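Taken from Swiss-Prot as is:
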- Thr232, Ser233, Glu234, Glu286, Thr387: L-serine binding site (BINDING)
- Arg263, Arg264, Glu265, Val279, Glu350, Ala351, Val352, Ser353: ATP binding site (BINDING)
Amino acid sequence: MLELKFVRAHPEIVRADLTKRGDTEKLAWVDEVLEMDRRARELTVAIGDLRNRRNVISREISQARKAGNDITELLAEAAGLPERIKEVETERETLTEAVRYRLMRLPNILHESVPVGKDDSENVEIRRWGEPEIPAFDLENHGALAVEHGWADFERAAKIAGSGFYFLKGRLALLDMALQRFAMDILVEHGYTPIIPPYMMNRAAYEGVTDLADFENVMYRIDGEDEYLIATSEHPMAAMYCDEIFEEKDLPLRLAGLSPCFRREIGAHGLDTKGLFRVHQFHKVEQFIYATPEQSWDLHEELMANAEEVFQRLGLPYRIVSICTGDIGTVAAKKYDLEVWMPREERYREAVSCSNCTAYQAVRLNIKVRNPTEFTEKRYVHTLNSTAIATSRAIRAILENNQNEDGSVTIPKALRPYLYGSETL
């Protein structure tokens, strides 16, 4: 959410950003916000004047009564003031809500380095790591391979939960757990505090994290309750300190969340229709940082470096792309994706998303940091997030990149201590 005072002071920046995004439908909102805000402030003055008149007229009635003067008109005016005040307050509240509605849906201001593009086809590659390989033998579909080895059961999961769910069994269940602990151990080495968050959030908290109008259709809502299953641990970690004030000495605050993630809509994408890449439920280790504005851009690079370390130590080839204006969404000011090599498709696929949301979430959630020299001065923190590992996608990458001609799968060396020293699944 953009601060109202920012829109007042810099409407030209907001307009230029919307134009850069190609979101011209919202250009009219900027003028609407300014006009409704101006009118709401006028009404605030009017309410103050009416309340003052209510106090004054009480004295005038008392004085007129003592002087024996006619007080009929004064009494009539006094009787009408409460209703008039209520009417003006209602009008102001309507305007204030209309302003907030637009501010909640205006996108974040993009960093100047974000590339311009219409969709994900125009994201810009930044760098690559590792050598993508296409084996001489025909790779087996990761889902079919897992079923053949008794590592996964999709049919029985569909029978009890529907499509898009799965049982992980035996060695693959252990691999999922190993990936979680492996990524968490790396983050702990770098000073991140492990967090296991609530797996549900109420609507008020979720609206502070993201625009539910855009996001609600991919989430599971608890029937009859004002609760949602979380789509990522980023969301409860972002809302964790809502309506609180940090001391600057306590920032940056680095968190590492571990949770299942629940997504309703998964789509159908060719080779992904059966398997582990797009599913309704998966485990993820998520990085999250609260920071001062001065710290946040360096920390954005730190988050990306941490995710790269995870994939480098797993030996999985990847590339980093900078997300363009047409693909970045509402919340992030800048976003990178790490795309891991999938040899069966002979292309890179998204495995990590790394965002600097600047103050956008903090304004919605009212999370501030106090100026250490001016105790009463406060400003909004910046929030940043990045996947460390989403286990289902990493498992697919391992089953494809490390698949051998005999159908066995070589375990990355970094994971072997978590899998009893085994070299293959």
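Including glycine, each Cβ sits where the backbone N, Cα and C put it.
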Env. residues of L-serine site, Cβ within 8 Å of mean position of Thr232, Ser233, Glu234, Glu286, Thr387 Cβ: His235, Met237, Gly257, Ser259, Cys261, Lys284, Val285, Gln287, Phe288, Asn385
Long-range Cβ environment of Thr232 (L-serine binding site), under 8 Å and at least 6 residues apart: Ser259, Cys261, Lys284, Glu286
Between Thr387 (L-serine binding site) and Ala351 (ATP binding site): CA-CA distance (Å): 8
Least buried by Cβ count (within 10 Å) of the binding-site residues Val279, Ala351, Val352: Val279
Lowest local Cβ density among Glu234, Glu265, Glu286, Glu350, which the record lists as binding-site residues, within 10 Å: Glu265
Ser353 (ATP binding site) to Glu234 (L-serine binding site) - Cα separation in whole Å: 11
Binding-site residues near Val352 (ATP binding site) (Cα-Cα within 10 Å), from Ser233, Glu234, Thr387: Thr387
Three-class DSSP secondary structure - Ala351 (ATP binding site): strand
Glu286 (L-serine binding site): secondary structure state under DSSP, collapsed to three categories: strand
Top Cα neighbour of Ser233 (L-serine binding site) in the set of binding-site residues Arg263, Glu265, Val279: Arg263
Binding-site residues: Arg263, Arg264 - member with fewest neighbouring CB atoms within 10 Å: Arg264
Cα-Cα distance linking Arg263 (ATP binding site) and Thr387 (L-serine binding site), given in Å to the nearest integer: 16
